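Participant: Relevant sequence annotations retrieved from Swiss-Prot are reproduced here:
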TRANSMEM  11-31  transmembrane segment
TRANSMEM  81-101  transmembrane segment
TRANSMEM  148-168  transmembrane segment
TRANSMEM  195-215  transmembrane segment
TRANSMEM  272-292  transmembrane segment
TRANSMEM  298-318  transmembrane segment
TRANSMEM  379-399  transmembrane segment
TRANSMEM  401-421  transmembrane segment
TRANSMEM  439-459  transmembrane segment
TRANSMEM  551-571  transmembrane segment
Amino acid sequence: MASPPPIVEYAVFFTILAVLVFVAGEYLAWVYREQANSDHRPPGYLSWFERLDEIFTPIENGLYRLSGINPRREMTWKGYLKAVLVFNVCIWVLLFVVLMFQDALPMNFVGVGGESWDLAFHTASSFTSNTNQQHYSGETLSVFTHTFGIGIAMFLTPATGLALMPAFARAFTNKEDPRLGNFYENVVRGLVRFLLPISLLIAIILMAEGSVQTILGGQLTANTFTMGIQNIRIGPHAGIEAIKMFGTNGGGINAANAATAFENPTPLSNLVLTLAMPIGTFSAIYAWGAWVGNRSHGVAIVAAFFVIYMALTGVAVVGETGTNAGMVVTGNGLHVDQTVGNMEGKETRFGPTASAIWGLSTTGTTNGGVNSMHNSWTALGAFSLLFAFATNNISNGVGTGLLNILMFVILTAFIGALMIGRRPQYLGKKLEWQEMRYVFVVILVLPILVLIPQAAAVVYQGAIDSMNNPGFRGFSEVLYEFFSASANNGSGFEGLGDGTLFFNLVNGVQVLLARYVPITAQLAIAGYLANKKVSPESKGSLDTDTPAFVGLLIGVIIIVSALVFLPALVFGPIGELLSGGI
């Protein structure tokens, strides 16, 4: 059966996404209503959300008693930050130990060995920071490691991000009150009410479509037509895949990730998984407006990032449904039919359009899971991926994405107020040098972490030897690797041999700094703002829910991203495109 025209696939995807973002956004706003110190109530036709308390509250209370959490103990921003760091250090230690000693742990059905110390450092750092960058093949981990190491981290790290959102909302809903809530309560609510139930629903859909789900076997033996006997690793694919995509994780059980039929078997499963990536991030933006008592402001921010997301996705679709210059053969060479577009590195059950939409969904969030090989994309398609990184992953990750987006929103409000000669403020809180210095720290983290290592890598012989492609594409491979780590994304241009000591250590440090430096600065901003009075809006205040504000926000994001990263992009995908490369 022929695939629908690209414009139809594109339109259907974004229409469904817009509807789901509204419903999930109202639901998420309800989940953290009290924790955000908000008066939000869902619309009447969604009031059934409130009846879910009868199911979730007993589970949460049981977890509080079991873990000794006192949900009523409020924390200042410093206490909140301490809890975040302690919680994540525990996740890192768990992962590091499991990875190093998986050969001595149970459920190691095919006898895989433990990882080297540098690879275990990178893997533990990557999965603790919700990056899930893999310098190993997924098949080299045991079922125990996938289930009780990687799988647990895939739930706890997005829960960490979710727990940051109501704390930051308190910065604007509090009136001279430094308390930001209880981190552990917010983690539990995010797990019980958001991540677990929706991931379970996605996993059921995947199993219905044919995705594998087992913890009892290590591999499947197949007698193939052309390769003889082939051993294929199997495990808890459906369960891991669900939270991998919905929790903006990305690391797969198989090396080919969601391009494999065990993880992503059908076009329907592909649509569900593609939608799962941005739903959590965009619903958080919508929920922000509900928490601060201005739904239209949340819709305005969603609209701004939807415009960027849709535009870059359109560029990717154009690039990948066009021809691959490297496949155009002159003379008597083998002719490659490219009527459907660039099929190199793509699955025939998805095609170039669905692969392009997935590609921008995975780089437009901190997901990083792939259903096609990004290093086989055209120069135009590769540019769209790298520019999505330059915007700090468009909508970014679950929880942390909202906070990173709000740094651009606050910067836009600050610039906009100065442009019209008004005192800078945002949602009734004055913006002063204490907050703005931390906003600039967050915005500068990405370029510092990307460009300095990039400059070192292109002159360091060990890094140069890892490049499998010359020229512009080789430069793009390294740039993509550092973008992926520093934006907490995790995907890769797999032509790069990144499983070396250099890349393990550099990327391992990058993912940690990219995660925890912004969190520290953002909680400090929340602490400063929570202590301030709320200034009533006046006629002279900057409106943050108008098309003009949306346009200004888009302009700030693109200008900041383009000015900082344009030279690097010129040496990579832009140079390749202009030189007639693939």
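Using the three backbone atoms N, Cα and C, a Cβ is placed for every residue, glycine included.
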Participant: Can you tell me which parts of the same chain pack against the transmembrane segment (81-101), counting only residues 6+ beyond its ends and a CB-CB cutoff under 8 A?
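Facilitator: 75, 114-115, 117, 119-121, 123-125, 127-129, 141, 144-145, 148-150, 152-153, 156-157, 160, 163-164, 183-184, 187, 516, 519-520, 523.
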Participant: If we skip the immediate neighbours and take only residues 6+ beyond the ends of the transmembrane segment (272-292), which ones have a Cβ under 8 Å from one of its Cβ atoms?
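Facilitator: Sequence-distant neighbours of the transmembrane segment (272-292): 13, 16-17, 20-22, 24-29, 32-33, 36, 38, 40, 158, 162, 165-166, 169, 172-173, 194, 202, 205-206, 241-242, 245-248, 258, 264, 298-302, 305-306, 309, 354, 357-358, 361-362, 364-365, 367, 369, 371, 395-399, 401-402, 405-406, 427.
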Participant: Sort out for me which stretch, of 11-31, 148-168, 298-318, 401-421, has the most Cβ pairs below 8 angstroms to the transmembrane segment (551-571).
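Facilitator: Comparing 11-31, 148-168, 298-318, 401-421 against the transmembrane segment (551-571), the winner is 401-421.
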Participant: Could you pull out which residues elsewhere in the chain have a CB under 8 Å from any CB of the transmembrane segment (11-31), counting only those six or more residues past its ends?
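Facilitator: Beyond its ends, the transmembrane segment (11-31) has Cβ neighbours at 4, 38, 40, 42-43, 46, 49-50, 189-190, 193-194, 198, 271, 274-275, 278-280, 282-287, 290-291, 298, 302, 306, 310, 357.
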Participant: Which residues of the same chain, at least 6 past either end of the transmembrane segment (148-168), have a Cβ under 8 Å from a Cβ in it?
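Facilitator: Beyond its ends, the transmembrane segment (148-168) has Cβ neighbours at 32, 35-37, 77, 80, 84, 87-88, 91, 94-95, 98-99, 102, 127-130, 132, 141, 180-181, 183, 186-187, 190-191, 194-196, 199, 236, 239-240, 243-244, 247-249, 251, 280, 284, 287-288, 291, 397-403, 406, 519, 522-523, 525-526.
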